[in-house]
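A.B. asks: Quick one: this structure, given as structure tokens, is what I'll be asking you about.
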Amino acid sequence: MIFIIIIIIIIIIIIIIIIIIIIIIIIIIIIIIIIITIIIIIITIIIFIISSIIIIMIIIIIIIIIIIIIIIIIIIIIIIIIIIIIFIFLF
């Protein structure tokens, strides 16, 4: 019984950690988007050249790709941790 309770508690903790990580990632993405939009607005007000807008879009795309890669890495790490914990308790 105690063994099962411990596993359940660990799973709950893992789920809470995953949720917290996801919330943090979402907040970071929102902050980055806000910063990017502010930068875009400032730059477009200062310079009305199409090339600058293209550069900003490229930067945004790069940032989005980086965010996606970070999220994927975090998810993979979480999955690995969960698998390790499950295997530890199974054997």
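Just so you know, glycine gets a Cβ as well, placed from its N, Cα and C.
According to TrEMBL, the protein has these features:
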TRANSMEM  6-31  transmembrane segment
TRANSMEM  38-60  transmembrane segment
TRANSMEM  66-90  transmembrane segment
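Where in this structure would I find these features, and how exposed are they?
C.D. replies: Only residues 6 or more beyond the boundaries of the transmembrane segment (6-31), in the same chain, are considered here, and those with a CB under 8 A from a CB of the stretch are 67, 70-71, 74, 78, 81-82, 85, 89.
For the transmembrane segment (38-60), no residue of the chain approaches it from at least six positions outside its boundaries, judged by C-beta separation under 8 angstroms.
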A.B. asks: In the same chain, which residue numbers or ranges, 6 or more beyond the ends of the transmembrane segment (66-90), come under 8 angstroms Cβ to Cβ?
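C.D. replies: Non-local partners: 3, 6-7, 10, 14, 17-18, 21, 25, 28-29, 32.
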